[in-house]
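Okay, handing you the structure first.
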């Protein structure tokens, strides 16, 4: 209830400005080790039933912070203390870039959603590498890499490889982002003919698990082709899904006036869940599936786990849910695991579709 009141006040200011304020506050309150430890005792996932080892990495809890919130790895120490089981930083590109002009982030409160056209604004993979070298985190940190906007499509492979080379030794896993709608031509790289050389080259460059992040707007046949390619190349998994360009069924007035961008949150939940189930039926346990998109409650999280997700991610749910959101999700998952007779998280993964 308190956060709802605070959220109403925060929502009076422009979304990106509030993001800067809140992110600075989160870093400040977790900067000192004693305070960070105290927060972790209250919020961090400590129930052993939530822990799992996925693609060789130990995760204390399945819910992670999705890419986009901490683009440059400035909050590495914060996320474990705030209850997340891991965090994915980025998206970063080989070269620093400013992203698209502001305003570029909007709230859709009637839809519990966000619309963004950030355009991969970031300080570059080199700057993130330096920060990861200096920083400390109590949880796994994955990195999400994208294509520099000015890099032509025919040079995309080299662009992704540059980022992978810089970040390889510093990340717990690497996610290749070819699915943001906010970089011109990026989603064209999801076509298997274009995607194959990118994924193969990144995998050859890094010793860490490599995953690919896909869009919810792909056709079912395209999803199947990417899944088959990921298995063929020996990828660790797929992150499903990114934001949607669809405007179907939105309730917030004036959305058309906000312009282009990708929508996250509740409107993408149904399609993200559909894509997850399709992927799990296609690949089973051959790939790790990370589900992201419209997860708001423990019931949502549980549905994704039993539908095949080994790990989960959230961003918009965190914005609307507040600082206790990750803890509430993890506590709910633990309760459902025990209520359903599971002794480990991995036993529950895909149990509804097997």
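Cβ atoms are placed via backbone N, Cα and C, with glycine included.
What Swiss-Prot records for this protein is below:
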type	residues	note
ACT_SITE	180	active site, nucleophile
BINDING	67, 68, 69, 70, 71, 91, 144, 177, 213, 241, 265, 294, 315, 316	FMN binding site
BINDING	71, 116, 117, 118, 119, 120, 177, 182, 242, 243	substrate binding site
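Map the listed features onto the structure and describe their local environment.
Annotation note: residue 180 (active site, nucleophile) sits in a coil segment as assigned by DSSP. Within 10 Å of the C-beta of residue 180 (active site, nucleophile) there are 25 other C-beta atoms, taking all protein chains into account.
In the structure as shown, the Cβ atom of residue 71 (FMN binding site) sits within 10 Å of 21 other Cβ atoms.
In this structure, residue 117 (substrate binding site) belongs to neither helix nor strand by DSSP; it is coil.
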Determine which residues of the same chain, besides 71, 116, 117, 118, 119, 120, 177, 182, 242, 243, have their CB within 8 A of the center of the CB atoms at the recorded substrate site, and list them by sequence.
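Going along the sequence, the neighbours appear as 68, 91, 99, 180, 181, 183, 262.
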Over all pairs in 67, 68, 69, 70, 71, 91, 144, 177, 213, 241, 265, 294, 315, 316, the listed FMN binding residues, work out the largest Cα-Cα distance in Å.
20
Quick one: pull the CA-CA distance for residue 119 (substrate binding site) versus residue 213 (FMN binding site), whole Å only.
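Residue 119 (substrate binding site) to residue 213 (FMN binding site), Cα-Cα distance: 16 Å.
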Going along the chain, which residues six or more apart from residue 117 (substrate binding site) have their CB under 8 A from its CB?
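Those within reach of residue 117 (substrate binding site), by Cβ under 8 Å and sequence separation of 6 or more, are 100, 104, 105, 181, 182, 259, 260, 261, 262.
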Just how spread out is the substrate site if you go by the largest Cα to Cα distance in Å among 71, 116, 117, 118, 119, 120, 177, 182, 242, 243?
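Of all Cα pairs among the recorded substrate binders, the widest measures 16 Å.
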Give me the long-range Cβ neighbours of residue 177 (substrate binding site): same chain, 6+ apart, Cβ under 8 Å, in sequence order.
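Non-local contacts for residue 177 (substrate binding site): 67, 90, 91, 144, 145, 146, 186, 213, 242.
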